[in-house]
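Okay, structure first, notes after.
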Amino acid sequence: MSPDRFPGWPHWLPIAAQRPRMSPDWWPWVASRDSLTARLRIASPRPFSVRLLTQGVTRPRLDEAQALGLPHRTHVWHREVLLRLGNASWVAARSVAPLEGLSGARLCTLGERSLGSWLFRQPNLERGPIEAIRAPAMTGLDAWRGDAGPWGRRSLLRVGRTRILVQEFFLAAMAADLSLPSR
């Protein structure tokens, strides 16, 4: 089934397809292939922190299962966090990974540390294509829905046998603090 048939499902597009809709100010944030954590730390003098919202085993959303090549009813590890600068939440992130291949990955022990702080230290890290979404409030992450900014992005990252779908949603506070436009 295609997400087009169900308007409540997220509709992710390749990053290049979203570029005409995106302000040049947002492009470096949404299209960057390096560590978002590192970029956030550079962008603000305020202290960086991670607020863990939830972590555990669940079933993926249909679009997540499709991106990971899994049956929809499969159980996955998931983690939702807010990336904060000072007291402001700049990014909401949701990561999903198949349970097989997780042993030794240390994902469950990250706690209040960013996933990027582990991922981007791995010498065998591979990042797949980046996809973007214009209306990230449709993704079902209720903890920050009222603070949604204009863009979200996701990509599949691999470290050995571990596959992780990382989804990052830029929030209104980030746009306001960096004087970024609404698109």
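We number each residue from 1, going along the chain as drawn.
The backbone N, Cα and C atoms fix where each Cβ goes, glycine too.
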Same-site residue for substrate (record: Swiss-Prot; known: LEU115, GLU168; options: ARG61, ARG73, ARG79, ARG84): ARG79
Binding-site residues compared (ARG79, GLU168) - the one with the fewest other Cβ atoms within 10 Å: ARG79
Assigned conformation of ARG79 (substrate binding site) - DSSP reduced to three states: strand
